[in-house]
């Protein structure tokens, strides 16, 4: 019942730009083809602010992120994360998500066969299964990376913070340094995998017959008068003329940095020939910060929330719903639309799934939410009256409750129309530091309804 009440309140947020959109579905409980009629009402400012706070709370964000203005060319980290988003989103709702990216790096959803509504909203919320469009050819994200998604509920990419090369000793004159800020990671998230990625173009023709060894080190301790102590993390061997992304495993180091952020002194990278001669990383073909934006080095980490964190989130959500229900009982009926506003006794139908589309773009969040532009949340509404037929997905308890309600209508209420199956959505967004975050939010989309 609480979920139904929440969704009915959420009707106010159908059109975040300032309009309410209410749809009545036609069809059975399992019918994904939703046809709608619409009622519009302009939102008051305090309603819009409340909706913004609620959505940010669901996303686990204390405030609206305000990233730096992106450049004209899409950079490597967001492109990589878009590939992961496609993989994760197609797994969550394979018929819902399809992402393409423009040269400016702006993510857009496409939905085949969606006639536009007066405010740009789709009336038809079903797509036949299709392979998601990718941001790169070939994709930046490999099968190995997408496999990490099975154990992760959040992925973050980090940009290199080093703006000027250090002067190292003659022995390490060709070393390059990289630093990443991991302090923005939410509390309770554990690193399941982490990678450092750097792009390799063709190396200098002098080394065309050479095998080049590229090594990545963790900086253990820094000194003012000599080179830092280094710990070897990973090594890759490649031919000078090879082209593509080199991936280094830095999982253990990333976990150490998350637990002990004061020890995050960064990474150093070097390139050597087969006989051990240190060479300039640019001569080896490695692309640094002066290269194209789409080939910039970056770090990516996969996270999974601890069970303690999940329990605390569920407890906080439960308390919040209780407080919301208390406030609703004292609320002016004219302030928020209720089920009775849209479902008169003549219109009331059996329990079924109805349209509810949430648009991030119309909320004005397109500068920090990369994808999706919005999502079809749906909600459940309708009567659970005797007899409960097979199409109502009624539980045995609901059937018994219906019979008892017939005998004692003043003491036992009817069963409630509620979701019987919920799906997750994936959201890709920038944080305040312009790091890109991909996070899975569970129980966000109603797949089917029934009587409970």
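Cβ coordinates come from backbone N, Cα and C, glycine included.
Range 316-345 is the one annotated as region 'Disordered', of 286-315, 316-345, 346-375, 376-405 (source: Swiss-Prot).
Taking CA atoms as the reference points, residue 351 (disulfide bond) and residue 393 (N-linked glycosylation site) are 9 Å apart. Sorted by the number of other CB atoms within 10 A, the disulfide-bonded residues 351, 384, 417, 449, 451 start with 384, the lowest.
Fewest other C-beta atoms within 10 angstroms, among the glycosylation sites 209, 393, are seen around 209. Calculated from their C-alpha atoms, the gap between residue 417 (disulfide bond) and residue 451 (disulfide bond) amounts to 5 Å. DSSP assigns residue 384 (disulfide bond) to coil in the three-state reduction, placing it in neither a helix nor a strand. DSSP assigns residue 209 (N-linked glycosylation site) to coil, not to a helix or a strand.
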